[in-house]
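Heads up, the thing below is written out as structure tokens.
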Amino acid sequence: MGKESASVDISEPFLEESEGIGAVETELIPEWKDQITIRGLSVSALLGTLFCIITHKLNLTVGIIPSLNVAAGLLGFFFVKSWTSFLSKLGFSVQPFTRQENTVIQTCVVACYGLAFSGGFGSYMIAMDERTYKLIGADYPGNRAEDVKNPGLVWMIGFMFVVSFLGLFSLVPLRKVMVMDYKLTYPSGTATAMLINSFHTNTGAELAGNQVRCLGKYLGISLFWSCFKWFFSGIGDSCGFDNFPTLGLTLYKSTFYFDFSPTYVGCGLICPHIVNCSVLLGAIISWGFLWPFISQHAGNWYPADLESNDFKGLYGYKVFIAISLILGDGIYNLIKIIVITVKEICNKSTKQSNLPVTVEILDGESSRLLMEQRRRDEIFLKDRIPSWFAAAGYVGLAAISTATIPAIFPPLKWYLVLGSYILAPALAFCNSYGTGLTDWNLASTYGKIGLFIFASLVGTDGGVVAGLAACGVMMSIVSTAADLMQDFKTGYLTLSSAKSMFVSQLVGTAMGCIIAPLTFWLFWTAFDIGSPDGPYKAPYAVIFREMAILGIEGFSELPNHCLAMCCGFFVAALIINLMRDVIPKRISQYIPIPMAMAVPFYIGAYFAIDMFVGTVILYVWERINRKDAEDYSGAVASGLICGDGIWTIPSAILSIFRINPPICMYFGPSSRS
């Protein structure tokens, strides 16, 4: 779910009016090779490692991953600018830091940490492990001991290398069509370009410096607070500030409490208000009403003496109702984007396009803007990537992958892998086009569809592993293809070479194939991943394995009335999404998002409280000083998230060496009845 985020309303004319972009005629553009530097790649590796750790932590706890693109661009600017200033003061001659190099760094970092998401380290990959198998139950129909593959550093790195590059080659020949001909907005890519362009103006550089200082301040506060919390977290899962009954012990039992997490508060600052409110509404519906109501029927609807994690009891309702909401939202948006895509492509031929294109400005500025447009077009097309190279790369990598993946996952036969690679470019195009229109990257939805199809095709003999592996193949291709096209848009607007964008994506992906598994291994070795009572619940591991089992076994083993409830919530997700699209914007902006509502159904309400605190802080800040909120809220949020993420490293090392916190701060009733 992480990358499926609400669209951002940013248009190209706004970018063109930004300070400093009017000077593009006189700016000296470095050659594409000069845009890729050793210092830039070094900074990319450092930031890629940090963001992989942050992504893993979010993936393994709540599964919501906000965009870190702004932080990547800002920190890349800060590190290289600091380094060049330091060397200049020492008397060394240094290569100027350009917006093109800044764009390359940002592209490389996003490609690297993107694999921490699409690599399935919090979803399909650990859905295969033994703990998830045991959690669902050895006697659960369709859940076989043979369908277990525990994480291993060697095979995970190998799998990353054979599946992660195909998406980059699948749509390269269409870059001109997507970016220049269709003029797709790619709102996040446009916003990133606007940010990087602003850094490289005088006033923009001053603001960037202030933002970096703000980020550093809150990073330090977050790091200190996370360290301070550790001393009180004791042994077990009920100690410390993470289990602080801020709203009382009664609500604490229903997971309603504020757990003082800088990461989730930071997410609340970054995510749109409607996302945070949707998460809280989902928590209230599920943990406030639905689960207590179902619990009253224990002994009637399901056996009353089951363990809390038994799928034949309340746990089954939690997981399957969450799945139904996720699928309802994902399928609706997939159909919607396919319809929009077909409609807009047809409209192109009749010159009736409704795409968010650059509007021609018929005033005194029109000539200058036209020259800027031509300059961007010229630079974007200057360093061509031959179509034969892209085709040969895709075919060659597909052949290697088709031969290799069955060796890693024997149930997924070579002809099934080959079939997925034949269909993948069409799906990658749909996802990339939809992302350009709406900013919704539906990679996980395509992955889930692949999971169901391949699990049902293979059947009971290995269908679970085959479905999960196929999910990984599909997610990797469609996700990286959309990310690449978004980066082409950023490069186009920052006057960066298309070739440097493609090479930096390749380098960032190669980094991610190594860094993402290594940083995941840090978590896997140090923490109890997948424990339903621990902080690293890995919620999507159970959900993805259950989806694979559903693809094979159907719905026969669900608890009483669970299927009816699932159908109800599935239809509700469709209706809510339809209402969001047909009702006027001034009203529909207050309608909740089903995908966001689904997350707390399974995990709990505590992180929804944290995110809501973040959104309240931002709301009040916007009312007091909107300009400051717009300029610094992203820096504050990134600092909170990064500081907490950095503490994960020493925390993991302490855990590996079995050094436990000295104090257990625990809360209980003052008297027992």
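First residue shown is number 1, and so on along the chain.
Backbone N, Cα and C atoms are what each Cβ position is placed from, and that goes for glycine too.
Per TrEMBL, these features apply:
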- 36-56: transmembrane segment (TRANSMEM)
- 104-127: transmembrane segment (TRANSMEM)
- 153-174: transmembrane segment (TRANSMEM)
- 274-294: transmembrane segment (TRANSMEM)
- 314-335: transmembrane segment (TRANSMEM)
- 385-408: transmembrane segment (TRANSMEM)
- 414-433: transmembrane segment (TRANSMEM)
- 440-458: transmembrane segment (TRANSMEM)
- 464-485: transmembrane segment (TRANSMEM)
- 506-527: transmembrane segment (TRANSMEM)
- 558-578: transmembrane segment (TRANSMEM)
- 633-657: transmembrane segment (TRANSMEM)
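When Cβ-Cβ distances below 8 Å are used as the criterion, the transmembrane segment (440-458) is approached by residues 1-7, 118, 123-124, 326-327, 330-331, 333-334, 337, 411-413, 416, 420, 427, 431, 434, 464, 466-475, 478-479, 482-483, 544, 547-552 of the same chain, each at least six residues removed from its ends. Long-range Cβ contacts of the transmembrane segment (414-433) within its own chain (Cβ-Cβ under 8 Å, at least 6 residues beyond either end) map to 166-167, 170-171, 174, 178, 182, 184, 337-338, 341, 394, 398, 401-403, 405-406, 441-443, 446, 450, 454, 457-458, 466, 470, 473-474, 477-479, 481-482, 485. Counting only same-chain residues 6+ beyond the ends of the transmembrane segment (153-174), those with a CB under 8 A from a CB of the stretch are 115, 118-119, 125, 385, 387, 390-391, 393-394, 397-398, 400-401, 404-405, 408, 421, 424-425, 428-429, 432, 472-473, 476-481, 483-485, 502, 505-506, 509-510, 512-514, 516-518, 520-521. Using a cut-off of 8 Å between Cβ atoms, the transmembrane segment (104-127) and the transmembrane segment (314-335) share fewer than three residue pairs, counting only pairs 6 or more apart in sequence. The transmembrane segment (558-578) and the transmembrane segment (274-294) are not in contact, since fewer than 3 Cβ pairs between them lie under 8 Å (pairs 6 or more apart in sequence). Per-stretch counts of Cβ pairs under 8 Å to the transmembrane segment (464-485) identify 385-408 as the leading one among 274-294, 314-335, 385-408.
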